[in-house]
């Protein structure tokens, strides 16, 4: 697998507003989330992965081992159970279980990572470029 560790800056967003609406994110949080351009920071420590989202609005971190369930706070503020698995060499598939099932796919392609998030038939695509 290629070295995915590093920082990636959001390049653009497609359908993010509709995704946040379907998720049930409140107006103020949604407005702030749409205006910032977060940096995705990826670190690997043995078999543990750390994905951080850093912005002027909010910083989040998930630390996980592939296939092991953990809890995290979803964008709408709800605490959910999450599992992340690898699909092939460069794709991480995250499934959040709660009142709604959310799927987030992070596909690493050289100096880019494409983040695709889906809930209830609505999909958002957010490409990031290595900083």
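Quick reminder: no glycine exception, Cβ is built from N, Cα and C everywhere.
For 106, 126, 127, 128, the entry in Swiss-Prot reads (9Z)-octadecenoate binding site. The feature (5Z,8Z,11Z,14Z)-eicosatetraenoate binding site is assigned by Swiss-Prot to 106, 126, 127, 128.
Swiss-Prot feature annotations superimposed on the structure.
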{"residue": "106", "record": "(9Z)-octadecenoate binding site", "Cβ contacts under 8 Å, 6 or more apart": "51, 91, 92, 94, 113, 114, 115"}
{"residue": "126", "record": "(9Z)-octadecenoate binding site", "Cβ contacts under 8 Å, 6 or more apart": "10, 11, 12, 13, 14, 16, 114, 115, 116, 117"}
{"residue": "127", "record": "(9Z)-octadecenoate binding site", "Cβ contacts under 8 Å, 6 or more apart": "10, 11, 12, 112, 113, 114, 115"}
{"residue": "128", "record": "(9Z)-octadecenoate binding site", "Cβ contacts under 8 Å, 6 or more apart": "8, 9, 10, 11, 40, 112, 113, 114, 115"}
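Among the residues the record lists as binding (9Z)-octadecenoate, namely 106, 126, 127, 128, the two farthest apart have Cα atoms separated by 10 Å. Within 8 A of the CB centroid of the (9Z)-octadecenoate site residues 106, 126, 127, 128, the other residues of that chain are 8, 10, 11, 40, 112, 113, 114, 115, 116, 125. In the three-state DSSP scheme, residue 128 ((9Z)-octadecenoate binding site) falls into the strand class.
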